[in-house]
Amino acid sequence: MAEGDNRSTNLLAAETASLEEQLQGWGEVMLMADKVLRWERAWFPPAIMGVVSLVFLIIYYLDPSVLSGVSCFVMFLCLADYLVPILAPRIFGSNKWTTEQQQRFHEICSNLVKTRRRAVGWWKRLFTLKEEKPKMYFMTMIVSLAAVAWVGQQVHNLLLTYLIVTFSLLLPGLNQHGIISKYIGMAKREINKLLKQKEKKNE
């Protein structure tokens, strides 16, 4: 068991080091984005919502086709991939890179690797469910996809995308400040109260 844990830890460290090397040119940008997403300043949340709203208003105004939208998005990614490693050191100053920043960059890369592992793990569990319990897999997929299709039919595509993107960008800050855990705890307490009231009525 200990050997398996050590092997998993060593593999995680190797994957993290490899990702750090690949993203080294993005280090300064990632640290800045990390500060914004974790709401280190009070005005970061409204700034996030403002920027996202502006981008989606531009998309709504231009109303591009799917092909044009995808092409522009990929073109933006290619430009960013080329320009960011060149411009970031000049803007942020690589000579100001500290041990604390390097440690935080390591933590970000480690979290990205763990997130990727979780995604792969859920994907593997899905296929395991398909092999071991095909009926449950079939019913789960049909119900889930039908629910998603119904939501997509009721809500405009652009509005739905806007809500998903906004929530995804606000999620790290919500977790960092304990807002999600607070409301989950409140919901659990309310559910427990309802269950207790139901038990009393049954008695």
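Glycine too: its Cβ is placed from the backbone N, Cα and C atoms.
Record features, source TrEMBL:
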- 26-183: domain 'RETREG1-3/ARL6IP-like N-terminal reticulon-homology' (DOMAIN)
- 42-62: transmembrane segment (TRANSMEM)
- 68-88: transmembrane segment (TRANSMEM)
- 136-153: transmembrane segment (TRANSMEM)
- 159-180: transmembrane segment (TRANSMEM)
Outside the transmembrane segment (68-88), six or more residues from its ends: residues with CB under 8 Å to it: 25-29, 59
Within-chain partners of the transmembrane segment (42-62) [C-beta distance under 8 Å, separation at least 6 from its ends]: 35-36, 69, 158, 161-162, 165-166, 169-170, 173
